[in-house]
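Structure first, commentary second.
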Amino acid sequence: MKHLLSTHDLHRGAAIQILDTAEEMASVTEREVKKLPALRGRTVVNLFFEDSTRTRISFEAAAKRLSADVINFAAKGSSVSKGESLKDTAQTLEAMSADAVVIRHGASGAPQRLADSGWIDAAVINAGDGTHEHPTQALLDAFTMRRHWAKIFGVSSVGSDVAGMRVAIVGDVLHSRVARSNVWLLHTLGAQVTLVAPPTLLPIGVQTWPCAVSFDLDQTLDAGVDAVMMLRVQGERMHAAFFPSEREYSRRWGFDDARLARLDALGLDETIIMHPGPMNRGLEISSAAADSSRSTVLDQVRNGVSVRMAALYLLLSGGLQQPDQSNPQRNVTNTSNWQETKR
């Protein structure tokens, strides 16, 4: 597997391999000298056509901790702002012998186009394309969930998936590439996913996704959840009124102080609250929830570096598993590690 473009196409074996490799990379981030020589002499280009803070810095840190040379490219202030095409930009990077291109683009499908075009021979990693996908965010979210459950049950997370976990993804699903990537990856890893949103913020065809759909957050919490992932309301992508008011949205679909207390009342002591960031505090999540002991927001940021180190290393070393078409069972990981313990 040369590229990482979508979790839809990521088979179970490769996903587990990335998560397990990320565990090894996490030990590097805990050292005083956070550096490995694994990608020395390789060049990684961060090609960002959209604004980003967390993802760009995370990929830069990941590449540098593997000793790769990093080139940061931003569309603003570059020839792209003068009308240069993606093809011309890609061919320029090819002439500079880039080994990997991490691309974020406002157009859904741009990373796939770059990977399939033949314009560049580098590995391509999708860092978010339009409202389509954001695979490394989903991987770091799964990594965070897997680690949390392993800690609870006192077992190693290595080799395990998240089978049996109940995950609610709440909010602006329509505009969220994070939601799409998480639905596909978590389904592959065995989790039970429920999307919770107003009808106006659910995409057409969501009924075909491998998840349940609910319009009632309180009802979903009452049914029991192990992780609640709040999504940012993406006002910059909204050109119509998708809900009556921010107050109404927060009351019905925001994770406020009352819902934080509701988890305690329901006895859901180990339920975690997640958010991919950036957060709209007071809209989809209250400050009390974001800063609570249940929150994994900073863990997600921390884990993102380890997961992206793993992705870069496996893609550039050629070590990422290919699906075994002759024996599909080899792509299925044993999930009994803590599922038996949980029972």
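From the backbone N, Cα and C atoms, a Cβ is placed for every residue, glycine too.
Here Swiss-Prot has Arg54, Thr55, His134, Gln137, Gly277, Pro278 binding carbamoyl phosphate, and the candidate from Arg12, Arg104 in that same listed site is Arg104. For the binding-site residues Gly277, Pro278, counting C-beta atoms within 10 A of each C-beta gives the highest total at Gly277.
Under DSSP, Gly277 (carbamoyl phosphate binding site) is assigned to coil, being neither helix nor strand in the three-state scheme. Most Cβ neighbours within 10 Å, among the binding-site residues His134, Arg177: His134 holds that distinction in the structure as shown. Neighbours of the carbamoyl phosphate site: apart from Arg54, Thr55, Arg104, His134, Gln137, Gly277, Pro278, residues of the same chain with C-beta atoms within 8 angstroms of the site's C-beta centroid are Ser52, Thr53, Ser58, Ala127, Gly128, Val178, Pro276. For the binding-site residues given as Thr55, Gln137, the lowest number of other CB atoms within 10 Å of the residue's CB is seen at Thr55.
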